[in-house]
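Okay, so here's the structure we're looking at.
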């Protein structure tokens, strides 16, 4: 039985001291090196949710040699089945194994790795059509360097998928019954292709119905991967509790690590700290293997909720001999960058290289992003030149990442140069990146020109693509153009969902029409089954808080709860700010936070003192 220990002060002093990097020569030392700075370095930035050490006892350690068995021919992904465009395995015929690269992009449906700041999207925060899966969560423990994927693969064709989407008024059960009556075979290859395409288009409800039909009719013998696919779909469509309940119905022999890792990834996607830790410890109690994937999920969770706990996970990985993956290092690099600990970020990169893992395009993008944020433009430019390689035309795959990064540096000439490489025959993701880049540079004319080119080449754009330009209009307070673009979306038959609602909310907020933004969000939430993005609530809530409008701030807080979002420290900070600006006491706020397992950091504690209805003052002492 194994137990993780909290890093003692003496241990922190020895291991976490900044500025004294050491390169590990033994694999068992990797985690210690990664820990450097994670105790004291994150104190200021962490939101302390709980100081209770996690009990990580009972896992069977996995040797590094065993993990290496999974590194061959596996691509990294994780949104149950929603890989990035061009990543699908066209000859995948082993059933639902599209889920093997599943649950990765649940949260961040944005173009870049964490461009939505601390408020990530959930899987249903995406509008639909062909949304590219971002890379945050993984179901497999390894990943393929994007630079090795020279050309995108085409979508897997599926007659079954076409039959399902062609009959929107019918339930999938009826469609499948008809499919069989017409003499069509239900093969694993056909089902896998249909599932893959349904997931790519975020049609999780239909994918779930397909899975239910297959199990009820017993056309295929379910494997653990098939059950994992079902768990993931239930979590997306019906919620985490229903997914957990379904696990109890799975035959015991199939309730292995892949089942629980799928549920864990969805818990992390929801930033549900309690549930994530509960599932992780459940895996421990069941004595399931401790994989790098499970540890990466906790790292991802704590990066967003409580960076001080990152040290605990790294200590566990070292103790249990779990070798860090590229994703592990990338998460640590991003966490350091978020805290503006540039030296700590660079130390992790050096350790990573010393272990023979070269930074891929995504890791380099994160490095460049944090260099820009830290004002280290020269270092950022050096990283971008590395990404370009010797010839940008040969490294065309890097253009999508380079465009917004050069824009962040304010380099309009470089953006123009990179776009020129793509312009004659652009790919969809390159167009989106170019629109975003020109928007950052406040060149609305060029952004519109690229968008028009994109609209002319692809007849049916999704709301994701419209939302990029809509956000640019919002940030430039161009309300009239924003309204015209939404009408154009509607006329084109484009589905309007959470991404569009969020852009509309921002459009009206930036124009100073907060009440109109509030009304739009309220109607969208009432009239649709998809829930709005958490950012949509927060941007309105923050405006009410600035005004000291306690009533409406509390209303937005409550509506977030109704939408199923777990209360986090950021929501409470905004709520308390409303009371401060209103110069009003906030009764019972500490008890509310405790009930939500949200414990104040130093900044929030200072804010709480300002709204304490029973605080002592010089006058109150005299009166007492």
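Yeah, the Cβs are placed from backbone N, Cα and C, and that goes for glycine too.
What TrEMBL lists as compositional bias 'Acidic residues' is 87-97 (among others).
Per TrEMBL, compositional bias 'Basic and acidic residues' is recorded for 109-120.
The annotation compositional bias 'Acidic residues' is assigned in TrEMBL to 121-131 (among others).
Taken from TrEMBL, the feature domain 'PROP1-like PPR' covers 259-418 (among others). Each residue in the domain 'PROP1-like PPR' (259-418) has a pLDDT score, and their mean in this model is 92.
According to TrEMBL, the feature domain 'PROP1-like PPR' maps to 439-579 (among others).
If you look up TrEMBL, you'll see 79-152 marked as region 'Disordered'.
The repeat 'PPR' annotation in TrEMBL covers 325-359 (among others).
Broken down by DSSP into helix, strand and coil, the repeat 'PPR' (462-496) contains 26 helix, 0 strand, 9 coil. The repeat 'PPR' annotation in TrEMBL covers 462-496 (among others).
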| note | Across the domain 'PROP1-like PPR' (439-579), DSSP yields 107 helix, 0 strand, 34 coil
| request: May I have the DSSP-based helix, strand and coil counts for the residues of the repeat 'PPR' (325-359)? | output: 26 helix, 0 strand, 9 coil
